[in-house]
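Scroll down for the structure; my scribbles are underneath it.
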Amino acid sequence: MKMKRDSKKAEEKGYAAPYDPFFSGPVRKRSCTDLICCILFLAVIAGYMVMGVLAWLFGDPRHVLFPRNSTGMFCGAGMNRDQPRMIYVDILKCATTTNVMAAALGGVQCPTTQVCVRKCPSQFWMLSAAAYDPEAKPKDFFHQQYCDHSLNLTTTTWTVQQILDAELCPSFLVPSKSALGRCLPSLHALKSAPSNFTLPGMASVNETVNSIRSAMGSLISGFNRKTIGVRIFEDFASSWYWILLGLTVAMVVSVVFLLLLRYLAIVLVWILMVGLLVVGGYGIWHCYSEYYNFSTSKLKFSDLSFNTNISVYLQVRETWLAFLIILCVGESILILVLSCLRRRLSVAVAVMEESSRVVGYLMSTLLYPLFTFVLLVVCVAYWGMTSLYLVTSGAPLYRVVSLSDPSVAMCSLINGSETCKPQTFNSSAYPYCPSVRCIFFKYDDAGLFQQNLVYLQVYNVFAFLWCVNFVIALGQCTLAGTFASYYWAFSKPAEISPFALSQCFIRTLQYHVGSLAFGALLLTCFQLVRLVLEYLDHKTRGSQSAFGRFLFNCLRCCFWCLEYFLKVLNRNAYIMIAIYGESFCVSAKNAYSLLMRNIGRVVLLDRVTDMLLFFGKLLVVASVGGLAFFFFSGQIRLPGNTFQAEMLNYYWVPIVTVMAGAYLIAQGFFSVYSMCIDTLFLCFLEDLERNDGTMQKPYYMSRNLMRILRKPKPFVTALPE
């Protein structure tokens, strides 16, 4: 007992722990750590769940997912399920700069009848002059599918002019595309409008087209950006199954790479290094060739505006110069690293081989990233749905408006300030204005819940980040305990429990939720500060001085470095928690002291292995990304494949998605090896300080690990060679 107390005191003071004959790996007799933080974390989770329930009660995501018609009914849902699109009967009235009623509605709604339709118009059409004859029958001129549902053209007794005054049917149609469920005139189609497409009161087709464009600009702020977003969603919709196939390929490549790493580590690593050098050299040659080919080009970046077609930028000589400089710098750094660390590189490869052997005995650890991935998906889905329900909370509000020109006698009395309910609204109460309607205005923001939406969204982000960081911490601590139980087993693999992973997982949840929540909370606070800085930078970017931009960039850099340092500290603290069962602060201090006492090994060995694993991730991403590029750009066509590259608006959207997903998948699988290396390394340092390899104080490290780090042969049972 005295030895245990001395060992604990030595670690608390930051000294090397003395030999303890009773220590044999992860401590089994533990107590709950950081109880206050555990209670706080559970309270935040409970509050997060309550907020989610309230958001579910007050919110309605259909407000975002589906457009509405003039009566507030959703298009594509309920009785309009087979009519998912919405058209504006007279889109010219959406121009807020010229329409008084649009201004009265705050510019958030277009003061014209909105009708749910099955599909958007596909051709130009305009009401002919013969339709204005009092004897003309409306059914001979209008299209029933684009008229208000309350009007039946076959049985109506209204004249064409009366229908137009009440805005029950459109007087013209333009080829349109669906944007967020709304049929908006196609800018491309407007360029080829027929010469006779001139609306009444306008002098030419150009004036008509310009009026329609002006109305569109007033209807949707930032239309170009939203169009890009809609097109990106269309690309996802047409290629999602091929994206999933690409992510599956990334998972297979990651598993194959890790299996090869166990048996052919040294060969694989050197092939990787040489391959990177060759690819970098080819990239330098190709960039120089393109730079030389465009030597006579006078086109510069300053001559280009924002363009979603990436090939436009590849015609600029400066682009290839930037690529050339980046590749030359990267190639030089890689050559310098390989030449300076070639001896440590072989040691790092041997450590990775040993880690592969450990993972081979604990194959269940390779499946744990899938569990972590599921938990992260749950967190992201809950955060996304809660945000959506919060944004759409509040009952819809409606106002009485006149769809006729406000200058018309009597109709000018209706100024758009009177509220109404579409279910009980009766237009006959306004006989002096036949075009009166009850139109959706906005969502109620006067309630207590709605008035505090900003604070609720901040809480939503805070709880989300805390949960995500906790899930990651739980995985790191569980894996660390599993690998530590392997290292401190005296007879390997005989003393290793077949349920080591599940035992460590249960032990972590039973005793150390508070400690993991403490570390996750610290990281969350730094991430929130970074988010606030990004928000302030975005809001003040237009008015920032040169010094202000410099200050923001300095703060960005500082907090990024602090966050990275905290992630490394947390990672090693979780390893010490898994081994000794101490609180977070004590474990972080002990881990930091242990690493500082062996800083040479940390820098030259642990970081080198991280670099090799990072190169492995790049190999997975590069291989999968290359296949995705050739497939989605149409250079590879599979037999019998119904997918055509021409279906995509931007072929780089699925490519970037596949590459980002491949990196996350590789990160998940490689994190097991990374955690194994870090745990073995920390246990190795502890082993060196506690023991000396004699019969009285034998090392727990395996014979292979002993040979890697050039230590005397221990009197222990070694792993089979």
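Using the three backbone atoms N, Cα and C, a Cβ is placed for every residue, glycine included.
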- Query: Which residue range, 549-569, 612-632, is the one TrEMBL calls transmembrane segment?
  - Reply: 612-632
- So are the transmembrane segment (612-632) and the transmembrane segment (573-592) touching or not, going by 3+ C-beta pairs under 8 A with a sequence gap of 6 or more? no
- Segment-segment contact (the transmembrane segment (35-58); the transmembrane segment (463-490)) at 3 or more Cβ pairs under 8 Å: yes
- Query: What stretch, picked from 267-285, 463-490, 511-533, 573-592, has the most CB pairs under 8 A with the transmembrane segment (652-685)?
  - Reply: 463-490
- Query: With pairs closer than 6 in sequence left out, are the transmembrane segment (320-341) and the transmembrane segment (361-383) joined by 3 or more CB pairs under 8 Å?
  - Reply: no
